[in-house]
């Protein structure tokens, strides 16, 4: 290759960044088979665009150099496989939970009994068409009592893979596909996988600090983490986007979607603390993992042999580094302090008298009081005495091989 060829990177207004040859005595020869081609990961798409634009300008002048440079820097898009794998894992675990639940054996009545052991619990017990609370608890649902007193912190991760019913898993998996596939295509499976898992953990942590009764399952915290990371990605990479009007519209639309979803969490029986915790975790993670190089930056390792970058920009702008550092510190500090408080049995509702309104706002149409059924049980031979904790009602029942699921149904009827 002619050593007199030089590449000069210029930075005209807006997106007119191009690569111009400063001097060229003869067309550059095509790469020989013995020379390895240089590939670029998707986050270096700006460099590809620079070289592709240079190639197009040369080909318009009649030369062959443009096509040859484009061949040197082939496009490489991430093929999404992790998000589909997450969807498959969630569906598989839901089927396993229904198989273990075995409603015909453990309950008097079931919905869709023709499905056999995959039939659903009664609608009064689970209106989402799913297994019993006892089955979900056995599978690893979020249970603060067991996390604090039985050292089962692993439930903070396992709960994000479980779902309460068909409607629950359909809504979450549809959202995961619509949001996650695009993000994985742009940023790869490693970064999006970390955002998903850490956000799910953050959602479980905040939920455990505020809601310390009953059990909780679902991937909503992780999904809100992906939404939060999309928002912070737009903010930290704002200066590299050319069409500011379109990006502003996208930003406002995203904020509107987030506000609507968080507002839905103010309804009863929805764990909005998991949504908020997941969103805040994902928002901070977006500044850490989804940062892009500024426009005009060209990595020297991706410049073809024999070419020189006459001028170069730093990879990131100063404000991006500041956001990265501050977000990383806040994330680590928040998760660490939260875990310490949880393992010490702290209930943040005792320190924040109004925070419970972030998860449910009572109105004339609904109440925010817990609808969970809790009973104290005493056995006298073959007699079972149940006392509902919420209303004080007492009932005596004859024991005839009842299991925990049937006893839970008796408790639910007593408390209703």
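In case you wondered, yes, glycine gets a Cβ from its N, Cα and C as well.
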Residues flagged as transmembrane segment in TrEMBL, choosing from 160-181, 292-313, 358-379: 160-181
TrEMBL annotation of transmembrane segment - which of the ranges 248-267, 388-407 it falls on: 248-267
Cβ contacts under 8 Å made by the transmembrane segment (78-100) with residues that lie 6+ beyond its boundaries: 42, 117-118, 120, 130-131, 135-136, 138-139, 161-163, 169, 172-173, 176-177, 180-181, 184-189, 192-193, 196, 219
DSSP-derived helix, strand and coil totals, residue by residue, for the domain 'Peptidase S54 rhomboid' (151-290): 110 helix, 1 strand, 29 coil
